[in-house]
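Asker: Take a look at what TrEMBL says about it:
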TRANSMEM  A:15-34  transmembrane segment
TRANSMEM  A:65-83  transmembrane segment
TRANSMEM  A:90-108  transmembrane segment
TRANSMEM  A:114-135  transmembrane segment
TRANSMEM  A:147-166  transmembrane segment
TRANSMEM  A:195-213  transmembrane segment
TRANSMEM  A:234-259  transmembrane segment
TRANSMEM  A:279-309  transmembrane segment
TRANSMEM  A:321-341  transmembrane segment
Amino acid sequence: MRLEPVANPGLLRRLGLPAAALVATVVTGSLLALSAGADPLATLGLIVTGAVGSKFAALETLNRATPLIFTGLAVAVAFRAKLWNIGAEAQLYAGALVTAVLGAHPIVTGVPGMALIGLAAALAGALVLLGPVLLKTRLGVDEVVTTLLLNFVLLLVVSMLLEGVLKDPMGMGWPKSAPVAKSVRLPRLIEGLRLHWGFGLALIAAGLVWLMQARMRLGYEIRAVGLNRAAARFAGVPVGAVLVKTALISGGLAALAGFSEVAGLKGTLTLDLSPGFGYTGVIVAMLAALHPGGVVVAALFVAGVFVGSDAMSRAAGVPSYIADLLLASALLYMVLAMQLVRYRVVWR
Amino acid sequence: MTDLLDIFLSASFWVALVRIASPLIFATMGELICERAGVLNLGIEGIMVFGAFAGWLTVYLGGGLWLGVGVAMLAGMAFGLLHGVLTVPFGLSQHVVGLGITLLATAAAYFAYRLALPEVTSPPKITPFAPWPIPGLAAIPLIGEGFFAQTPLTYAGFVVAGLTALVLFRTPLGLALRAAGENPAAVEAQGLSVTALRIGAVAVGSGLMAVGGAFLTLSAFSSFFFEMVNGRGWICIALVVFGGWKPGKAVLGALLFAAFDAGQIRLQQTALGATLPYQVFLMAPYLLSILALVVMSRRASVPAALMVPFNKGER
């Protein structure tokens, strides 16, 4: 077999194939529920109601989606340039670390204080990714492995600091940082609803990324570098500089996930701040076909699967790891579907 | 200084070194075979997790230790086949599919573990492989115990590395495989199928990765627990680069890495260890891997068609 490009994929092809991927995911979920001895329809129903069935559930989903929008955007921006940033987890923790340090004893309070802390957090994340990218552009070191390995290093740095200088003396012995001061905690988006401004910031970030990609020179250059690095260089695009800028944006976005979790949702830094938001960002970005608007939708979907599965697991006893399995299969089905939109299989 | 010397001169250091290197040798050979054929396999981390789980479960349910190794290998090959089909004929991004396989295999292992053992607090143990001291050789002072009083799975690792080198560089199959990673069009011109070669390489390589994972449960730790692979797969990818895509050098790299890892565990117990947080020692292996990549990347000769999909009839 071989692949032949489809010149102008029709609407049926462009919508039908992703829909088929979604159906395949649901079928996979049913089989998993069956394997756990549960009723498939009831299990899937419980996941849906657990994700959006009540005001509490829906708010929980929105809160869970917030860091995923940031990490998803981070991955989407980088992958557009074929910069394989798989270190969003490390960048997230760098941002969280800076937020915890500056937020515990803020010098500037109120909105300016929050903005300063957010900027500092983003800068920290950007710097964490800058290292691997400079190694790549200067020395040709593959960034996949370096960014992956840095995830483990950063987590150990956070662990060291939480058991050392950052340990909250009032923390009853738990390794967590001193609480972020009330004056720089992100306020609620709407009074009375348990949803903080981090979600609003995530939506704004998605809008800005869209603006950058669609309307700015840098967006065009990033796309050119991603499509064909040699051709971009030949056309006069400063490939190295574009990759560095991409890295700064991507690392900064991932760090804002950490900022939003610490200054918004949690108010303190712990070692279990992120249950793999950085890695899940890859799923979010790919489900969204690297489109910033799609990232928001995909993050809501992924968050819903996680929150819904947790609720379902408590009620029906199917292990909550079903969420990770569903999302990993959804990812593979979707990338296959997207490929088949653009290519048809020819047997001969 | 004397602390360091004490460490190097203890037999337990050498035993630990070879034990730490063994799973890395299996998985590094697996990754090397995939990459030589032109496919980057980022599924390695998850496939190791699943191998560790599948091997452990087989023995836990009453199967023999070697059956556990076999089941792990077959499970790894199944994930490899999936990876191969998606990335080779369908030409999907090797990065995305690899990470997808890692997430899928890890989640599958955890899901199945929770299904098999709904509410356990301490992971149940199995009886792992016992050491097989090789008469005579095991009595060599210092390194004898390290290299010649290990479990059979460790010896198998060295045999696999030897076979990998032999097949890759001394057989027509190895030549075809390497050509698929260097110049796939030339392979097609010879009437061979790049698709078949690459899928086969990824399947076999993934099987070896899973055996590397199974080593952890069947020979090193005797139980399965979450996060037990802990980045070893990623380190193996770094080892492939460090070894310049050559089996012998990659094994040497694994041994060097293991020496460092065994050393840092022991250094933690010394006076120096007491002055530094333990996390400094734990992060050293990851930083060392990054350093090794930086040092070796300039000299390395990457397979020319690594990560380049091959579509028949397309120029």
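Going from the start of the chain as shown, residues are counted 1 onward.
Glycine is treated like the rest: Cβ placed from N, Cα and C.
For each feature listed, report its degree of burial, its nearest neighbours and the pertinent distances within the displayed model.
Answerer: Remote same-chain residues near the transmembrane segment (A:65-83) are listed as 91-92, 133, 136, 143, 196, 198-199, 202-203, 205-206, 209, 213, 222-223, 225-226, 229, 242-243, 246-247, 249-254, 256-258, 260-261, 264-265, 274, 277-278, 280-282, 284-286, 288, 290-292, 295-296, 298-300, 302-304 (criterion: CB distance under 8 Å, separation of at least six residues from the stretch ends).
Using a Cβ-Cβ cut-off under 8 Å and counting only residues 6 or more beyond its ends in the same chain, the transmembrane segment (A:234-259) has close neighbours at 66-68, 70-71, 73-75, 77-78, 80-81, 83, 85, 87-88, 91-99, 117-118, 121-130, 132-134, 136-137, 198, 201-202, 205, 209, 212, 218, 221-222, 224-225, 273-274, 277-278, 281.
Panel annotation: around the transmembrane segment (A:279-309), residues 46-52, 57, 60-62, 64-65, 68-76, 79-80, 86, 88-89, 202-203, 206-207, 209-210, 213, 254, 257, 320, 322-323, 326-328, 330-331, 334-335, 338 of the same chain, lying at least six beyond its termini, place a Cβ under 8 Å from a Cβ of the stretch.
Same-chain residues lying 6+ beyond the ends of the transmembrane segment (A:321-341) with a Cβ under 8 Å from its Cβ atoms: 3, 6, 9, 13-14, 17-18, 20-22, 24-25, 28-29, 32-33, 36, 43, 280, 282-283, 286-287, 289, 302, 305-306, 308-310, 312-313.
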Asker: Which bits of the chain, at least 6 residues beyond where the transmembrane segment (A:114-135) starts or stops, bring a Cβ under 8 A of a Cβ in it?
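Answerer: Residues 83, 85, 87, 90-92, 94-99, 102-103, 106, 108, 141, 143, 146-147, 150, 154, 184, 186, 201, 243-244, 246-256, 258-259, 263 contact the transmembrane segment (A:114-135) from elsewhere in the chain.
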